[in-house]
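If you look up Swiss-Prot, you'll see 306 marked as active site, proton acceptor. Marked as 3-phosphoshikimate binding site by Swiss-Prot: 21, 22, 26, 163, 164, 165, 191, 306, 333. Per Swiss-Prot, the feature phosphoenolpyruvate binding site maps to 21, 92, 120, 165, 337, 379, 405.
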């Protein structure tokens, strides 16, 4: 569909939160690196997850789909040295996780992608390639990366203010190399929550890594992943949309969430509570955010960049000023998210000023409505849908199908909660 036209209304009801995309990526990778059969259940087949599945299959994993389950056997992973082709689509996780994994043994691999993926930085890996004499060539505009060689253990110095996906990619890979390795983080580490997810998943599959206060990671070589069965928990980055709607006056019960989760995006609860909303735990794995007298705050984007667009919606409708800080990495996501959410919410009647690494948001009582553009970014599209619940007039969102990247059932769930929309 080319656009959705939403008539403003409050959302009410219960919604099963989709499985965590971040955890599904990690479980699929660890299972594919295990010698034996694993069953990964509660999978949502978004475009990003399909990209990782197909990528691991290209590297030799046997993956079968049974409804919402994956049966994965990694007995033949990287057993041959044939030329390998991996289509990452628009998934930065697939690309940055699988690049080092593909080099566990001597290989020739071609990675391609679409959309903004070619513009997302890979300099961290290029520096490693050059240091280890791994051949590579790269076309930026449309991702086309060719690499040839194998990765060796040793010392890896990585900046902490880059995407945590680089560090996770190395954490998956280095335990399988012959020699011991050390990852040294040279600046303050951002997105620690995503590193915690990786370390937790790796440990579940039998691999040990010593974490020295996120300053360095000590990794013994010659380890092996052990197969296991794993159920993917609900995704806090998707729940954040409904939590935000709740903070703005909707009444939504979010099902299948684990309050003890390591997911960094769980921080959305603390941020919304700090602004004046209230968390209700009605039963086990069932959470709601209740509307309160919302006030502006300071939100540090460095540890939870994915939930910043929808938190900007909440801030736009809160009293006083909110500042988004340390958000420069949002400019190199599926789109420039700082610019996109600022531009589109201002079209709806918000008062937002864009800074180099953040936003200044002056709250308004209500938004007006109008025509906006998703920038073909799933999180921008869903954030604008939540904004519509506090608009006075219709909201028209162009290019809404981009939600398939992470949450294919979003528009159906939106309607099931009472959202009034028509497609064109």
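Cβ atoms are placed via backbone N, Cα and C, with glycine included.
What Swiss-Prot annotates, mapped onto the structure for a quick look.
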residue : record                           : Cβ within 10 Å
26      : 3-phosphoshikimate binding site  : 28
92      : phosphoenolpyruvate binding site : 20
164     : 3-phosphoshikimate binding site  : 26
165     : phosphoenolpyruvate binding site : 22
191     : 3-phosphoshikimate binding site  : 24
306     : active site, proton acceptor     : 24
333     : 3-phosphoshikimate binding site  : 23
337     : phosphoenolpyruvate binding site : 25
379     : phosphoenolpyruvate binding site : 31
405     : phosphoenolpyruvate binding site : 23
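Ranking the binding-site residues 21, 120 by other CB atoms within 10 A of the CB puts 120 at the bottom. Inclusion criterion for the binding-site residues 21, 26, 92, 120, 165, 405: a C-alpha placed within 10 angstroms of the C-alpha of residue 306 (active site, proton acceptor); this criterion is met by none of them. Distances between the Cα of residue 92 (phosphoenolpyruvate binding site) and those of the binding-site residues 21, 164, 333 are shortest for 333. Looking only at the binding-site residues 120, 165, 405, the one with its C-alpha closest to residue 26 (3-phosphoshikimate binding site) is 165. Nearest in space to residue 333 (3-phosphoshikimate binding site), taking C-alpha to C-alpha distance over the binding-site residues 120, 379, 405, is 120. It is 20 Å from the Cα atom of residue 164 (3-phosphoshikimate binding site) to that of residue 405 (phosphoenolpyruvate binding site).
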